Ligand code: AMP
Ligand code: MG
């Protein structure tokens, strides 16, 4: 349902977010598809609705600095200067995440991307929801980013709880994503805030090319992958059991499997729940000190496509 972004409707939208629903809302860049960033099940719905064949880290939107302090480990002097100058606005900062940020929000990475949007409706929505909001652009995979509520309605109208219509987005291009993880600040995605403006505040900034595939020291990984080898199985008979193996199960099984560590993505085989647990389960298995992780193949429908994409990449299969 598309509604005008009145105070009353923003309040309603805030309560939908708080209850784990999805709301599309205007920002100064593009319309976002928002969910409570601290609720991994709600965040999994974002990927389901967007029909993405893979997981990507999401930007967390906040309305006040107090939230940044909770979401990240440390705010350094560079971040402070940039925030003073450019927030609210189209600058996203990548910093080391705190424990309250669910793994699905960062697609398993130890870093989180945060910004404070400069749109009164977005800010009011976050205030009403009383929680940070994760949001990618509100379009299905492969479609262009929406800059009006009508675009969102046409593309996703029947799949989300509410669309807040706040008119046309004034900037219309995505935010600039800047990583402050390394000594050298790095632009991961050019966007609404010009790099020159950033350089005026913190000095020289590196631009990461999308062609930079090889990870040299200091270069930031775009995706999390476990270090332990992964093997995908369809039947438990393919598992070479032992107390030095880890097993990632899609759902509960009656069969006894001898292993050092077992993780179940969803007792009842619910794909949304499985997606919301995927990255934390991989982290658990990766730190369990096992030689190999056997991962159960998942039905490739809905969110299962993105889950299998991640497992295949981690297993070195394409
Ligand atoms: P969108 O949500 O479509 O505006 O895209 C978000 C952008 O931020 C993508 O380019 C992501 O890869 C990037 N991003 C989000 N979180 C992180 C992170 N933790 N580390 C690196 N890049 C990130
Ligand atoms: Mg997008």
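Quick reminder: no glycine exception, Cβ is built from N, Cα and C everywhere.
Keep in mind that TrEMBL annotations are predicted by a computer and have not been checked by a curator.
Small disclaimer: the values here were computed from a predicted structure and weren't measured.
Positions annotated as L-threonine binding site by TrEMBL: 29, 61, 115, 135, 175. Here TrEMBL flags 52, 111, 137, 145, 189, 224 as ATP binding site. Annotated domain 'YrdC-like' per TrEMBL: 7-193, in sequence order.
The distance from the Cα of residue 189 (ATP binding site) to the Cα of residue 175 (L-threonine binding site) comes to 8 Å. Only 111, 137, 189, of the binding-site residues 52, 111, 115, 135, 137, 189, place a Cβ under 6 Å from an atom of ligand 1. The Cβ of residue 52 (ATP binding site) lies under 8 Å from the Cβ of 141, 306, each of these being in the same chain and 6 or more residues away along the sequence. Among the binding-site residues listed (111, 145, 224), 145 has its Cα nearest to the Cα of residue 135 (L-threonine binding site). For the binding-site residues given as 29, 111, 175, the lowest number of other CB atoms within 10 Å of the residue's CB is seen at 111.
Among the binding-site residues 111, 135, 137, 145, 189, the residues whose Cβ lies under 6 Å from any atom of ligand 2 are, in sequence order, 137, 145.
Counting other C-beta atoms within 10 Å of each candidate's C-beta, the binding-site residues 61, 115 are led by 61. Residue 145 (ATP binding site) sits 18 Å from residue 115 (L-threonine binding site), taking the C-alpha atoms as the reference points.
Calculated from their C-alpha atoms, the gap between residue 61 (L-threonine binding site) and residue 137 (ATP binding site) amounts to 12 Å. Geometry remark: residue 115 (L-threonine binding site) versus residue 137 (ATP binding site), CA distance 14 Å.
A separation of roughly 22 Å, to the nearest angstrom, links the Cα atoms of residue 224 (ATP binding site) and residue 175 (L-threonine binding site). On a Cα basis, residue 175 (L-threonine binding site) lies 17 Å away from residue 111 (ATP binding site). Residue density at residue 137 (ATP binding site): 21 other Cβ atoms are found within 10 A of its Cβ, drawing on all protein chains shown.
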